[in-house]
Structures are given as structure tokens and as C-alpha cells.
Amino acid sequence: MTFVRELEVASQNSRAFNVTLWFIFIFGLLKLVPFALRFLSMVFDLFVLPPVNYAKYGCKAGDYAVVTGASDGIGKEFASQLASKGFNLVLISRTESKLVALKDELEGKFNIKAKILAIDISADSKDNYNKIYSLCDDLPISILVNNVGQSHSIPVPFLATEEEEMRNIITINNTATLMITQIIAPIIIRTVKKHRESGDKKLKSQRGLILTMGSFGGLIPTPLLATYSGSKAFLQNWSSSLAGELAADNVDVELVLSYLVTSAMSKVRRTSMMIPNPRTFVKSTLRNIGRRCGAQDRYGTITPFWSHAIYHFVIEELFGVYARVVNEINYKFHKSIRIRAVRKAVREAKQN
């Protein structure tokens with residue numbers, strides 16, 4: 001007698017068996033349907049929906065976008081691509097010469113206005129924050145990009161992390177991000193309200209936007225990058241909470257999650273299917289603002305680059321970001337990076 005035939009006989013002779021089968025079917029349906037809907041939503045976000053129209057954020061109204069960490073890498077790309085959409089810019093970074101060069105380039109190329117401020121954010125200086133306020137308070141600002149960030153120089157055990165590095169990571173990734181947002185967000189709210197009440201039909205649906213750069217290091221607990229991982233995980237809850245607070249003020253708040261991107265901070269130089277360059281990553285981010293992409297279960301969060309989104313989705317759905325196996329794989333990955341970095345440092349020391 002075949003297995004199917006045995007099921008048929010059991011079904012005919014046992015009501016309890018039938019009830020059990022229906023329970024299994026309904027339970028499976030309740031699990032599979034949401035999974036399928038989340039997967040289809042991700043695919044739709046990434047590959048079907050058209051790019052976001054930035055007119056709703058004031059690109060045609062002469063509004064400004066503030067970009068921190070603007071002189072290199074991802075921050076520089078945010079500045080360039082926002083300028084290409086018509087936004088004026090406030091560029092904040094450490095190196096004045098780079099800011100001047102970028103200002104001249106973008107003003108000449110895109111016929112926009114750019115203001116610059118060279119400050120060392122790691123100093124956590126009240127004077128720095130006053131300078132930001134003085135520069136920005138009178139400007140019509142509709143976008144803030146919290147891009148400035150710092151990681152460890154190489155993967156390192158928490159107990160071996162130098163105090164200065166630990167303090168700098170927390171100051172730059174957390175304290176400065178909160179302080180700058182507390183300065184700029186009221187200006188964004190004011191700008192949006194003024195546009196919406198102006199009577200101009202083109203501005204009646206005006207919105208503001210606050211983007212904060214997150215990381216898979218904050219999504220997934222990351223041994224050997226413990227301080228950095230914790231600082232980015234903090235941004236997840238803070239940004240999502242802020243999204244709820246500012247929704248009534250017509251300000252969209254998004255945490256942008258990325259895996260590896262070629263940059264000075266990641267120390268990765270070669271692009272691949274999993275590792276885009278800053279231009280490609282920022283293009284994906286600006287294209288998909290307001291959509292979850294790979295972060296289907298996370299409010300106010302976006303994993304915009306397609307391979308990062310799929311990777312995020314698989315980890316969340318199959319294992320969970322806090323699973324032991326994910327933690328162990330992450331530890332082995334960063335341990336191998338640390339070993340190579342230490343060997344390289346030893347070789348360079350011998351050569352010198």
C-alpha cells in the first residue's frame with residue numbers, strides 16, 4: 001500500500017487525523033503567504049517600481065540638502081547626485097581643501113549653490129554645532145544626509161580596543177548624528193510647512209527627508225567590531241523612533257542599510273556583485289527611498305542595493321539576525337580579515 005493510499009484510509013477512518021491535516025495546512029499557509037508577499041514586495045521595490053520623484057522633496061523649489069562626511073566616498077556621491085537633481089547643498093566634512101574643490105565642481109557642473117563647513121566632528125565641540133546652526137538656520141533645507149561615520153581601523157577584540165578609537169566611534173556615529181539632526185530637523189519641518197502653506201500647487205505635497213547611514217554591522221551583531229556594531233544598532237532604533245515622531249510633520253526618516261561598499265572606511269577596493277562602488281550604491285538608495293527593499297519587516301529602514309537586499313532578506317527569513325550560526329560565521333569572517341591585516345602590518349614594519 002502506497003503512502004498516499006495510507007493517508008486516504010487514515011483520512012476516512014479518523015476525524016482527528018483530518019483535523020490535524022487541516023491544522024497543518026492552515027499553519028503552513030499562514031507561514032508561506034506572508035513570506036511570499038514579503039518576497040514579492042522586495043522584488044517589486046527593487047526591479048519594478050520607477051525611481052522616486054524628488055520634486056516632492058523640493059528639488060525644484062531651490063531647497064538645500066545637508067550632507068555630512070561629504071568630501072569622499074558615499075558622502076561625495078550623495079552630494080553629487082542630489083546636485084544633479086537640482087538641490088542646493090550644505091557640505092560638511094573635515095578637510096576644507098576637498099570641500100572647496102567639490103563645491104567648485106558641483107556649482108560649475110549643475111548650476112547650483114553650495115555652502116561648505118570644515119569641522120572635525122570627532123571633537124564633539126559645542127562650537128562646531130553652533131557653526132552648523134549659524135550656517136543653516138536661514139536656509140530652506142528639506143534634506144539631511146547623516147553620512148559621517150567611523151569604524152575600527154581593523155577588526156579588534158572589544159577588550160583590546162583603544163579608548164580613543166572607542167570614543168571616536170561613539171562620538172561620530174551617535175552623538176554627532178543626534179546633535180546635527182536636532183539642529184537640522186526643525187529647519188526641515190519649517191521649510192516643509194512654509195512650502196505646503198504657500199498656496200503653490202506644486203508645493204502642496206512637499207515633504208522633508210532625513211537619511212542616516214546604517215550598516216549590516218548594526219543589523220547583525222558583529223564580533224571583532226563590537227563597538228562599531230553597537231553604534232550602528234543604536235541608529236536603527238533611534239532612526240525608526242524618529243520616523244514615527246516626524247511622520248505628522250511630513251518628514252520621511254530612513255535608515256539606509258548597506259553591506260560592503262568600496263570606500264576608505266571599508267578598505268575594500270574592488271567592486272563585485274556584492275560590493276558596489278559609492279556611485280552605484282547611492283544611485284540605488286536615491287532611487288528607492290520610501291521602499292523597504294530587503295528590509296521588509298523594518299519600519300523606516302531600507303536596504304536599497306539589490307544584492308544587499310537579497311542577502312538581508314535571506315538572513316532575516318531563514319536564520320534571524322541574532323542566530324548563533326550567523327554570529328559564528330560573522331566572527332570567522334572578521335577574524336580572517338584581522339589575521340590578514342596584522343600580517344600586512346608586520347610585513348610593512350619589517351620593510352621600514
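A Cβ is built for glycine as well, from the same backbone N, Cα and C atoms used for every other residue.
Feature annotations, reproduced from Swiss-Prot:
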- 20-40: transmembrane segment (TRANSMEM)
- Val66, Asp120, Asn147, Tyr228, Lys232, Val261, Ser263: NADP(+) binding site (BINDING)
- Tyr228: active site, proton donor (ACT_SITE)
- Lys232: active site, lowers pKa of active site Tyr (ACT_SITE)
Largest tally of Cβ atoms lying within 10 Å of a Cβ, found at which of the binding-site residues Val66, Val261: Val66
Where the record names Val66, Asp120, Asn147, Tyr228, Lys232, Val261, Ser263 as binding NADP(+), the maximum Cα to Cα distance in Å: 24
Three-class DSSP secondary structure - Tyr228 (NADP(+) binding site): helix
Residue among binding-site residues Asp120, Asn147, Tyr228 with least C-beta crowding, 10 angstrom cut-off: Asp120
